[in-house]
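Features reported for this protein in TrEMBL:
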BINDING   B:THR158, B:LYS184, B:THR195, B:GLU285, B:ASN408, B:SER413  substrate binding site
ACT_SITE  B:THR195  active site, nucleophile
Protein chains: 2
Amino acid sequence: MSTSVSPLAPKSYPEMPALRGVRMATAAAGIKYKNRTDVLLMVFDQPAAVAGVFTRSKCPSAPVDFCRGNLPRGEARAVVVNSGNANAFTGAKGRAATQLTAQSAAAAVGCSEDQVYLASTGVIGEPLDATKFAGVLGDMHVQAQPGFWQEAAKAIMTTDTYPKVATRSTEIGGVPVTINGIAKGAGMIAPDMATMLSFVVTDADIDAAVLQALLSAGVEPTFNSMTVDSDTSTSDTLMLFATGATAADGQDRVTTADDPRLAGFRAALNDLLKDLALQVVRDGEGARKMVEITVTGAETDQAAKRIALSIANSPLVKTAVAGEDANWGRIVMAVGKAGEMADRDRLAIWFGDVRVAVDGERDPHYSEAAATAVMQQEDIPVRVDLGLGDGSATVWTCDLTKEYVAINGDYRS
Amino acid sequence: MSTSVSPLAPKSYPEMPALRGVRMATAAAGIKYKNRTDVLLMVFDQPAAVAGVFTRSKCPSAPVDFCRGNLPRGEARAVVVNSGNANAFTGAKGRAATQLTAQSAAAAVGCSEDQVYLASTGVIGEPLDATKFAGVLGDMHVQAQPGFWQEAAKAIMTTDTYPKVATRSTEIGGVPVTINGIAKGAGMIAPDMATMLSFVVTDADIDAAVLQALLSAGVEPTFNSMTVDSDTSTSDTLMLFATGATAADGQDRVTTADDPRLAGFRAALNDLLKDLALQVVRDGEGARKMVEITVTGAETDQAAKRIALSIANSPLVKTAVAGEDANWGRIVMAVGKAGEMADRDRLAIWFGDVRVAVDGERDPHYSEAAATAVMQQEDIPVRVDLGLGDGSATVWTCDLTKEYVAINGDYRS
């Protein structure tokens, strides 16, 4: 397991501004290991509007089921996130554990269970002893403080090599609004799988239904456009909370998704989601390079995305990137296998600004040296134009290295 | 690039029986390297009925296009297979190269160009100098001999670590019939992609249309049910030829696909295709283990297959296999991400005969030692039952090791 920070980690971390309406605390509850911080509690003293997007896995974890059950109410007073145990594939015991965790949180915070949200990451298939939460949540509720963003991001790390935070400032109707977010993912606990968790909070006053529309649209070109190894976890969770504190500053509540006042907020939210999503990709196991794949000229945006993901998930493309090999032949292969309409004789491919293929064959001015120079960068842009239509999409991934194999295969459960 | 024979290679090679109606020769034409055997010529002195199945890639190679163009005629007199250059993504020059190769073969063999079939494997995107064939095909046609199966299999190898041959004996209407096959694949030439080529010949007297029906049905549970790394090449080619020599023994020509006399032949052909397909999987880059994944209880056979391929193509499952880790949690994840109907609470999972999960959670009698013992085998059976219906499928794959990454990323083009 890698213990050094990813070479692709951000060079500096932002100062996280205060955000009214939320308090946080962390604790060591001994979920899996003693003396390891493994629980995060977020408290909204006034109910926050809430939206969520979860894994599409047909085998979702018990916490994912639990959150989906509460989302129709659209109100959050507490979020409990634990590492050490994903409470996934745990059957009836897993459901009981979520119920008990919610009861403990509701009792500690003074709310109802349908105002509680849960997320878990860690071991699969081991029952989660939810009685451990009861021992810490009461104190955590008392001690929870505003700020604490870096600590919260650290608390939810598993084998992430760095905590992931992001912040954006924007406005609604001229009233300043803040959005803060934390994420974890692409790190792995042996023998489990990458789980992507992200929690974003804003002080804006926005209805839950509007939040959901913003989040569902915002997740597509961000978290849903990145892949480390194509292995979608049972537990992926992205949640957005609005505390409404800016109502006190004169921000009138936003109640419809097409409110023109949302333009700045929407852009800032999407930019923050992209920031966090790229931080997750950059922490991919064994990653030393990040690849941005843009497909243009497809029949539809959806086709462009499928082709982009076919390239991003190709082991042969990813190992070539690891080897700094400007191997456009494998890009051709990945376009061809995607199953979407593609005219081989119209394909054009660029690494960075270096066009390596055009009209279905190698570029007549192809320069191996120029293409290789691009491959030696840490951030590698790849573009494919299909020449068929207007569909386009951008996805991000990382290279496939021996360290990925070592992290995921070199030890026993 | 690995130079030692795969640890999964067959322990012995079959004696390939004589098969009337076909002659073969190999030569060093200098396609890419001097003094390397890189061309195979198969000659059918009497036209053979022919069927073919090709890559579904949207970017097929020029030889694949060429073969598809001739298939409606259904007659073969010559097959030219070269290594060193895949003649893929070569635009108009690539098409011209196939025309020239076909002309050279037709001239050498004394047939028409639509009776010629071509396959190429090797470098992508480099024009193929087809004039090199003219220099050798004439002599090859004169020297071509019956037998020569092992030599033919060797001639089409690229970075395969062993030649792949298979044979089956069967009968049609009581008349003995032989089926011989060769294949190459899972080996890689840097910087290109795995291309799977296979040529199967029988002395039976069977119409082209019937051959096509047999082949199209036979490829599904065999070559189309194995994956090394999910990267489908531009050039995959599987062809079946029937020389009709057994007509002289009293075998009446088979003219319809539902002819009851075909039962034994169909079974033998499918068994041979499976034999060759498994040999290809066992030669996967860096492979040290072969995994057979069976999914039962799915809604449909198609759903079962998609789920099985989701498991077989999961980097996390494959690295766990490499690490001999009985990681059924990752199997759950791969089932969940397949997108097919699955009821998490009905899933059951076995490694070999060891049931590790049932009714959506870890098996109460789970034995880590027993499961691990299965993972230490070279051939690892994995079974998943979904408990939803009757759909089932079996696919094969190999583990994902550091050597795969080394072979595919450690060198420059």
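A Cβ is built for glycine as well, from the same backbone N, Cα and C atoms used for every other residue.
TrEMBL labels come from automatic prediction, so no person has curated them.
Predicted, not measured: the structure shown is a model, and the values here were computed from it.
Feature map: annotations from TrEMBL on the structure.
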residue  : record                 : DSSP (3 states)
B:THR158 : substrate binding site : coil
B:LYS184 : substrate binding site : strand
B:THR195 : substrate binding site : coil
B:GLU285 : substrate binding site : coil
B:ASN408 : substrate binding site : helix
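Cβ-based neighbour count (10 Å, all protein chains) for B:THR158 (substrate binding site) stands at 20. In sequence order, the binding-site residues from B:THR158, B:LYS184, B:THR195, B:GLU285 that place a Cβ under 8 angstroms from a chain A Cβ amount to none. The Cβ of B:LYS184 (substrate binding site) lies under 8 Å from the Cβ of B:THR121, B:ALA153, B:ILE156, B:MET157, B:THR158, B:ASP160, B:PRO163, B:LYS164, B:THR195, B:MET196, B:LEU197, B:SER198, B:VAL280, each of these being in the same chain and 6 or more residues away along the sequence.
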